[in-house]
Ligand SMILES: Nc1ncnc2c1ncn2[C@@H]1O[C@H](COP(=O)(O)OP(=O)(O)O)[C@@H](O)[C@H]1O
Ligand SMILES: Cc1cn([C@H]2C[C@H](O)[C@@H](COP(=O)(O)OP(=O)(O)O)O2)c(=O)[nH]c1=O
């Protein structure tokens, strides 16, 4: 089901600046004649949004947290992502499984082997060994100290945003590890630059990957 559409995710520590570019990304693909499904994790369906509220607000152990984000993801894939990709749409998703490896794995110190098993259960596709994965992941790489400065006063912190900078150092390392393990899928964006410069990086990376030129290249 992932072969026809384009599954694009945005990742990075809180405050890295991902959300600031979602409108422009949606407009860019729409200008190419694509139908865009814009969504987020945890979330994207009524059930998954309910689970999001729990994950972002309630204290819980890392296994519970991991089970809830993967339960939300399962519903999201079944209801939204899978059907959209099968239609040939662009799925623009604010976070996906890399966030689980970065936050629950590296940040909380939870067992990556258990996360990989859950990933296989949730993202396994009928009749094959291939997992549903994003085609391209835009990784907004920013020093945790700068992200914290950007977030200070910008919004009321949720459970994760209230974590100390050491937590985000581990999360950032988790993203760096994921990126080096799958260099083909990840595009590193230097998120320390100005908003305009960040946008230019995004646009040129998408052009270089051939997903902008000539309509349905993705
Ligand atoms: N390139 C940038 N330079 C400076 N501040 C930025 C930049 N991009 C975003 N911001 C600001 O940083 C804060 C976090 O940005 P946001 O897009 O919400 O991050 P995220 O979605 O990654 O948590 C917001 O106040 C936003 O206006
Ligand atoms: C998808 C996902 C997100 N998260 C965390 C990362 C973020 O701190 C939070 C929600 O992400 P996000 O939507 O980026 O938050 P905001 O709307 O406040 O910018 O959930 C996990 O811990 N595990 C996951 O699997």
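Each residue, glycine too, has its Cβ placed from N, Cα and C.
Here TrEMBL flags 10-198 as domain 'Thymidylate kinase-like'. If you look up TrEMBL, you'll see 12, 13, 14, 15, 16, 17, 18, 19 marked as ATP binding site.
Contact annotation for binding-site residues (14, 15, 16, 17) versus ligand 2: 14, each with CB under 6 Å from a ligand atom. Of all the binding-site residues listed (13, 16), 13 sits in the most crowded Cβ setting, with the most other Cβ atoms within 10 Å. Within the same chain, residues at least 6 positions away in sequence whose Cβ sits under 8 Å from that of residue 15 (ATP binding site) are 142, 146, 147, 148, 150, 151, 154, 161. A simple Cβ count within 10 Å picks out one of the binding-site residues 12, 17 as the most packed, and that one is 12.
Close to ligand 1, meaning a Cβ under 6 Å from one of its atoms, are these of the binding-site residues 13, 15, 16, 18, 19: 15, 16, 18, 19.
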